[in-house]
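Q: Just lifted these from TrEMBL, have a look:
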ACT_SITE  Glu130  active site
BINDING   Cys87, His129, His133  Fe cation binding site
Amino acid sequence: MKVLYLGEETLRQPSKPVEHIDEALHELIREMFITMDEDKGIGLAAPQIGKNVRLFIVKIDDGIEWVFINPLIVGTSEKQCSYEEGCLSIPKIYADVVRPEAVTVQYQDMNGRRRTIEATGLLARVIQHEYDHLEGVLFIDRLAQKERDELVAKFTQQQERKKQREAKKRARA
């Protein structure tokens with residue numbers, strides 16, 4: 001399973017609700033956890049792997065594997081905080097992003113049960129970051145235009161250098 005990078009249209013489209021929680025969805029979720037772990041991420045949304053559905057996963061330091069199907073953020077704290085974020089879809093690019101410190105989210109779990117949690121700290125931040133993906137929003141969209149433009153240019157340069165290295169490897173083979 002491949003993570004899509006900045007520039008892929010799927011990353012900018014609002015996602016559709018998951019209609020069936022079945023074995024195929026469970027397999028997709030298992031594959032998402034494998035991909036996220038291989039890429040050393042702590043969250044991954046379905047649009048990042050080309051699936052336009054309202055699904056994301058989270059696994060932070062405590063090792064708990066969270067699965068959010070058809071999530072809806074129903075509340076946020078007034079208190080905001082700034083924290084450095086990165087994204088598997090924009091590798092090696094980081095920036096401080098201001099977000100609410102706490103969120104309340106309603107979602108379905110892997111068994112289709114409706115759940116509500118109040119999250120704080122890193123879990124709240126990752127939930128908001130992944131939820132943004134379901135809306136077609138990337139963390140760089142939450143930055144000032146100048147900073148966003150600089151980071152996009154940096155990412156584009158990195159991708160060009162990567163393509164050049166890969167072309168040289170192929171030429172030597």
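Here the Cβ of each residue, glycine as well, is placed from N, Cα and C on the backbone.
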Q: For the recorded Fe cation site, enumerate neighbouring residues of the same chain (Cβ within 8 Å of the Cβ centroid of Cys87, His129, His133, site residues themselves excluded), in sequence order.
A: Gly43, Ala45, Gln48, Glu85, Leu88, Ser89, Glu130, Asp132, Leu138, Phe139
Q: If one measures from the C-alpha of Glu130 (active site) to the C-alpha of Cys87 (Fe cation binding site), what distance in angstrom results, rounded to a whole number?
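A: Spelling it out, the Cα of Glu130 (active site) and the Cα of Cys87 (Fe cation binding site) are 9 Å apart.
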